[in-house]
Structures are given as structure tokens and as C-alpha cells.
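Annotated substrate binding site per Swiss-Prot: T20, R94, Y148, D259, in sequence order, evidence recorded as similarity to another entry. Look at Swiss-Prot and you will find R24, T281, G326, G427, M428, T429, S430, N431 tagged as ATP binding site, backed by similarity to another entry.
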Amino acid sequence: MAASKKAVLGPLVGAVDQGTSSTRFLVFNSRTAELLSHHQVEIKQEFPREGWVEQDPKEILHSVYECIEKTCEKLGQLNIGISNIKAIGVSNQRETTVVWDKITGEPLYNAVVWLDLRTQSTVESLSKRIPGNNNFVKSKTGLPLSTYFSAVKLRWLLDNVRKVQKAVEEKRALFGTIDSWLIWSLTGGVNGGVHCTDVTNASRTMLFNIHSLEWDKQLCEFFGIPMEILPHVRSSSEIYGLMKAGALEGVPISGCLGDQSAALVGQMCFQIGQAKNTYGTGCFLLCNTGHKCVFSDHGLLTTVAYKLGRDKPVYYALEGSVAIAGAVIRWLRDNLGIIKTSEEIEKLAKEVGTSYGCYFVPAFSGLYAPYWEPSARGIICGLTQFTNKCHIAFAALEAVCFQTREILDAMNRDCGIPLSHLQVDGGMTSNKILMQLQADILYIPVVKPLMPETTALGAAMAAGAAEGVDVWSLEPEDLSAVTMERFEPQINAEESEIRYSTWKKAVMKSMGWVTTQSPEGGDPSVFCSLPLGFFIVSSMAMLIGARYISGIP
């Protein structure tokens, strides 16, 4: 019996969603925003030294081609012709840094991932040269001087990798974040590939002036970055070039947004004061501040939200960034073996329904917002002989929620108007225990779209709306209504506050582990007076606890 033909109402738009943990290609109906098909490939992360995180740029590129081909095959099985795909958008992990040879097309080193900490000494050295406690950088970029952003990663490559140095000397080097590497490669690479980025990704490099929307000569001189290796900066919605290979050869790439900006667009947060929180490898809360750069007094970033067209106005956002969210689940799976699959975490947490006084601060890459404390490291505290892997699983989920509470509190103080509810998205939002915990800890409702792929949707919307494509209207009256699932707080406010205040104590204990300096704004005496015996006893306790949890006699 022949397969029934599926009706396709209107043009289709594809989206590459290249994240820290995986690559996906998804295809949407531009009239209804319905997700028709997708394919996903997990991406390896390499940890060559403590604090270092790398990925293979060629593996990332190959995963994009694989996802496109597999998705097109699935569309064929649904009797949907791929000729209906009129445009492709790109969303990507931000800050991750790639340098490649424009003559050979080969990467000159692995991609240095946003989580990577190798540049801490570079940051400390540079900070001594900045008057006014980093305000020189922050006033231009909206960002604190941190290992998180691309400029110091690029500086490290220029200082330490001979291949990169030689390519720069010979005028063969190109720099880009993951979007630039992908767009250059997909539009032809060595045969005329387009070397560009969009304003949202450029704003995460620490080299981009968010007021003039241009690469900043002063910043490039300060970091010692040759401007000729930087990509051309474009809007988030315009035709950059055409696909030059694969099943979708000839289709325009016409949308590009850093993943968190893409999620803001996909959640349709187009009004001032609208906010969303994305739960992925990290956790990122963005609030639309309109055409105005709002600078935080409470540890948040100021960043470009989007610019949806060459002649369209730029929108800005306040952002709270948490380094480790979904990554803590991966760590429990891959490093400790507490779970075999990421999905098991919900089952373990549900078994106990409490952390039983156990608190987990997953500061594997230091602490991001609102502390910006690179000296912090991960701790699990409050352990007793009763603690088991279920309690640790529950504490890991709570940690994601507590970190979100910290950045939401900071955002409420900066904006002056507390959020009445929190819109959420990302892979972790399928975990109902996590979503209920989040509502309890924030003590406001949490709402999530039933179609969770908002990051890819945002990239598709930008691509479909581009001039010359024009298959997706972003006018408010044309946007599809989003069906939401709602989680209401189920504990009283007092209990919520007690749990949160205990978490804050745990956070303070995580600081000051890897430098002799005290955490910014903290009391140095707290960290200078810890006796050696404390570290010996705590280390023994952790060892015994680990053996107990793993069942080693």
C-alpha cells in the first residue's frame, strides 16, 4: 500500500542548531511553525588537561552535513519534497573559538570551547593593565574580562600555537566563532566561502563595540588581535550565501543567531521586559531591554539580542549566564557512573523527592553570573552516611534551579520590575521534576512551550524573514500562538527561602579553591584562615562518600 501523502501548507525553512553537546538539523513549516522532521548527532568534547575543553571543528562540520542529509531522507519518507526548503538558519554555541587556514580550509587547532579555563593567567595579566576595574572592556562590550569570551581564547592561540602564528604572519588565518566556521565552510570554503558572523555572535567575542556595532580598534589593540583575521559582521537576518554541497545545494543561508539569542526569538520575546531561560549545557536567562543598552549593577552581562535585517534596529538584552546546567548530568553519567543515560536522573530524583540536606555547587569552570569568580570549584556538601546517589541526583537538579534563582534575583534588581513568570526552553525542560523544582525555588510559575525546539525555531524564523526569502512574517499578528505547559509553586515561600539561603552558604564554600586571592567582594579572612586539617578531613570524607555511593567495599 502506498504511503499517504502528507499535506505541506506553505514553504519550509531549515535550521542548523549546533550546540556544545550535539548538532541538529530541523525543518519547520513557515506558516504554522510546525516541526516536521529533524536529526541529531552527539558531539565529543575533549579534556586534554584540567580546565581545558576542546572540540574538533571538522567533526562539527561533518555532523552538520550528516544531520542535513538524514533529515532530508526522513522528509522523503514523509513524501515531503526537499525543494520546499527555501532557506536555512544557523544557531550555535557562542564564544567557542576556531582559527583556520583559508587556503587549505583546515583548522589550525581544535575549537577552544566557551567553558575552557586555560586563559585564566591571561585574564589576570590583562586585568592589571585595565584602569577602573575592567570598565574599559565592559563599557564597550557589556562583558566582564573573563575566560568565557573569545578574545582571550584567540590571544592564547596566537601565543601558544605555532601553526596559528605562522598562518597569521602569512595572511592565511581566519578567525571565527562556530557560526563563522560553518557558514564559511557551507558556502564554499576555500572556493569562495563567505567569512562572516552576525551581531549576536560578534558581541560575545570581547572585541565588538555593542554601541557602534563594529569591531573596536582599541579593543583589538589591547588584546593584540590583528583585525584582518576577523569576520565581516552582518545582521541576524539576511542572505549570507548559498549552500554549495549536499542535498540542499543552492538553498540560501539567511539567518544566524547565537543560540541564546535564537531562543529569545523562538520564544517570541520581542517586547521590552520579556525574558526566557534556556536549560542546555549551561543555563542562560535573557531579558529584552529594547534599543537601550542596560548595564547591570548585579553581575549580569549586556549583550546584543538580535538585529533582524540590515536596515532593522538592534535590540539588546541583559543576560545571566550559568556555566554548568545540563553538563552536570553528563558529568554524573560519564565521570561518576551514577547514571547510564541522562534520562535516568529524573527517575533517581523522584525516588527520594529531596536532597536530604545535600547541596551540590557544580562550579567546574568557576562561577559565572552573578559572581564571575574563576577561583571557585565544584563541591558536594552536607553529606551523611544516609546520603545515596538519589540524593546527589536530586541535589544536581536543585543546583540548576538555585543558580537560575540567583540570576533571576539579579535581573529583577537591575530591571526594577520582577518577572511574574519564567518562560523556559532547552533539552532539560523535558524533566518534570526539574521544572517543578524551578517553580518552587523561584516561587513564581514556570511556563514551557510544548514544542521545545525554540532555539532552532528562532534561527528558522530569522532565515525565513530575510529580505529576498520572505517566507516567514515576524509581524505580531502573524506569529503562531504557542501552547504552554505551566508549573505552579507547590511549597510555601518560607521553605523556598530556607533552601535558597542554605544553597548560598554552599556557594561561598566553593570559592577561593585555586588562587590565593579572595573572591571579589568576599571576606579574605574566610579563605586565608582555613587550616590544613580541614582539607585533610574533607578530602577523606569525600573519598569515603564516593566509595560508599559506588558500592566499593
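Placement of Cβ uses the backbone N, Cα and C atoms for every residue, glycine included.
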Separation of alpha carbons, T20 (substrate binding site) and S430 (ATP binding site) (Å): 18
For substrate, whose listed binding residues are T20, R94, Y148, D259, the greatest C-alpha pairwise distance in Å: 15
Sequence-distant neighbours of T281 (ATP binding site) in its chain (C-beta under 8 A, six or more apart): G19, T20, S21, Q93, L115, I324, A325, G326, A327, R330
From binding-site residues R94, Y148, D259, the one whose Cα lies nearest M428 (ATP binding site): D259
Neighbourhood of N431 (ATP binding site), C-beta criterion under 8 angstroms, separation at least six: I345, E346, L397
G427 (ATP binding site) versus D259 (substrate binding site) - Cα distance in angstrom: 13
Three-state secondary structure, which DSSP defines for G326 (ATP binding site): helix
Candidates R24, R94: member of the binding-site residues with the richest Cβ shell (10 Å): R94
Among T20, T429, S430, the one of these binding-site residues whose Cβ has the fewest neighbouring Cβ atoms within 10 Å: S430
Lowest local Cβ density among Y148, G427, which the record lists as binding-site residues, within 10 Å: G427
